[in-house]
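> Sending over a structure as structure tokens; questions will come in a sec.
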Amino acid sequence: MEFSSRARQKHLRLAGDRREQYPHSLQFYLEPPTESISLVEFENFAVDRLKLLKVVENLGVSYVRGTDVYKSKLEGELRKLKFPYRALAEDDYEARRKDHISHFILRLAYCQSEDLRRWFLQQEMDLFRYRFNELTDSLMQKFLEHTNLSFEAIGEDLKNELANELSVSTPGFSLPKVKEQMFYKVGLAVAVDLFRARRVFIKDGFAYVPFKEIDVIVLNNYRTKLSKALALTARSLPSIQSDERLQPLLNHLSHSYVGPDYSVQKNTGKISLDQIDALSVKSFPPCMRQLHRALRESHHLRHGGRMQYGLFLKGIGLTLEQALEFWKKEFIRGKVDADKFDKGYAYSIRHNYGKEGKRTDYTPYSCMKIIMSNPPSQGDYHGCPFRHSDPELLKQKLQSYKIPPSGITQVLELVKGMHYQLACQKYFELTHDVDDIGFSLNHPNQYFTESQKLLTGGRELKKEFNNSGNFQQKNNSQESINSTPTASSAKADTELEGLEAYFTED
């Protein structure tokens, strides 16, 4: 067989040590990467895996895991982002390498708090479950052997002897099916979840597990290992935070947004101030609807609210002149006179539009930024209602918005599971009378845009987005993370070395 120059190089590379490095398309991520990678590759890998895990989260709530539509959509995303999506024999080294390195990068970013660790663990578990169940029986057996999880398969004589018990104790297994299926004899402690669910036959301290149920044991093993690894990595946080190579990148990853930044708008100036009250009811997400109502009632918002709401209004098309007029009219109805507004508040509005200070053109806040940073205190109205509101107060608010009881129950269940963006997505569906909005909701301005498309048939307020895929940073520097993160980094192709030190015990 002949290879092109590029293909031949790849084939030779796979024939050496690198094939041994990733013998399977699936792994437990026990060994951290030891190679040096560029800042650009580090950042691109991290963003792609974050996009993938966001899709995993969204699909896990929107569809039943394991169904054809769930698997089809997840496979499509794995293909698009160039991650291993099936056991592609031995020719997917680059995908396996990306999978390995990107996992450890996000492990660094998501070990920093209990909430972040819990989210990362859940999405990685769901991703692993899908990929493990896609393996063929032979590849599954090879993986079990590779991870030292090879279990003792019972012989045909013992299986025939226990056939009746196995059939009765294992849901969905008739006698003929028992004879077709391979069973493993494992310690009861290993199969405790299957035992609790009454899905296996127990005898003399051992569980007899059918091959199709082995994934439960593998997943429990993986969860235990990953939980311990995240806790271990968290102990390295002081070293990570003092590392000038990593700190500018990792600081923003766990609060990052990977979609359009809504900074370039076609509809600038097309919305009149008189429309805002009506739009706030029809097309504002709850976080902005809450801010608008608070502003109208108290004629004032604190700094956090002014930043969150002001940049949102900028994103939907308010010009600088409109913004100055809007805020001034409202504030002078309260305790702020015109002179005090001009001296104290007008500057910050011009600053948000890039007309003061460093002339930075600020972009609207994403859902992740609102959820993860600057939680509201007493007297504040910014933040995410699904994340920061007491459940009973949230329920009352949804009732005031005329959400039906069944819909409120669905929203509160998502909130209870800490799926705050999906709760907002469900709110969108309920208020717009659609069953499936067909997109993942990640930004308040995205909510507004999609709402207007539905309500106007897509005829108006059609915007152009910056689809670069850069993610919005937690702070307000508004510099793209694709630029050089720090002056000390020198060049974007600077290589990061020694990352494995953060994943090992002292």
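Any Cβ shown, glycine's included, is placed from N, Cα and C.
What TrEMBL shows for this protein is this:
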- 278-448: domain 'DNA primase large subunit C-terminal' (DOMAIN)
- Cys287, Cys367, Cys384, Cys424: [4Fe-4S] cluster binding site (BINDING)
- 465-506: region 'Disordered' (REGION)
- 466-491: compositional bias 'Polar residues' (COMPBIAS)
- 495-506: compositional bias 'Acidic residues' (COMPBIAS)
> Give the sequence-ordered list of residues that share a chain with Cys424 ([4Fe-4S] cluster binding site), lie 6 or more positions from it, and have CB atoms under 8 Å from its CB.
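In sequence order, Pro285, Pro286, Cys287, Cys367, Cys384, Phe386, Leu441, Tyr447 meet the Cβ cut-off.
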> Suppose the [4Fe-4S] cluster site is Cys287, Cys367, Cys384, Cys424. Which further residues of the same chain have a Cβ inside 8 angstroms of that site's Cβ centroid?
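Once Cys287, Cys367, Cys384, Cys424 are set aside, the remaining close residues are Pro285, Pro286, Ile370, Ile371, Pro385, Phe386, Arg387, Tyr420, Gln421, Pro444.
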> With every protein chain in view, how many other Cβ atoms are within 10 Å of the Cβ of Cys287 ([4Fe-4S] cluster binding site)?
26
> Test of understanding: give the count of other CB atoms lying within 10 angstroms of the CB of Cys367 ([4Fe-4S] cluster binding site).
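By my count, 24.
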> Could you tally the C-beta atoms, other than its own, that fall within 10 angstroms of the C-beta of Cys384 ([4Fe-4S] cluster binding site)?
26
